[in-house]
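K.L.:
Next up is a structure, given as structure tokens.
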Amino acid sequence: MNAKRPVNLDLTKFHFPPMAILSIGHRISGFVLFLCMPLMFYLLHRATASAESFYHLHQLLLHNGWIKLAVWIMLSATLFHLFAGIRHLAMDLGFWESVPEGRISAYTVFVVSFIAIVLAGVWIW
């Protein structure tokens, strides 16, 4: 029997630093935005086609909870991606490159994103 068999690691035992979680979240939010692009373009087309189609879309957004949820998800992904992207650009410029500063900036992005996402939900509903 081979003594060097693969080991199945329990991924729940790993504790990732907040910088890694933020980076993964930035990639996931970018992917969500990519998947939502057809809906965003459709809504933009409907909103700019005519006054009647804008009014119809406005009424749909006011009364349909699923549409509100979809818009909130798109807006949430956009806000998180924006704040995490600003942090990544600042790090490319040489700011927050040490581990303690990176940890603080990651937590700051999480808090600011959470506040902005909650405010977006309040604004939509």
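Quick reminder: no glycine exception, Cβ is built from N, Cα and C everywhere.
Worth saying up front: this structure is predicted, and the values here are computed from it rather than measured.
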K.L.:
Check for me whether Swiss-Prot puts Leu22 and Ile104 on a single side of the membrane.
P.N.:
yes
K.L.:
In sequence order, which same-chain residues at least six apart have a C-beta under 8 angstroms from His81 (heme binding site)?
P.N.:
His26, Ser29, Gly30, Leu33
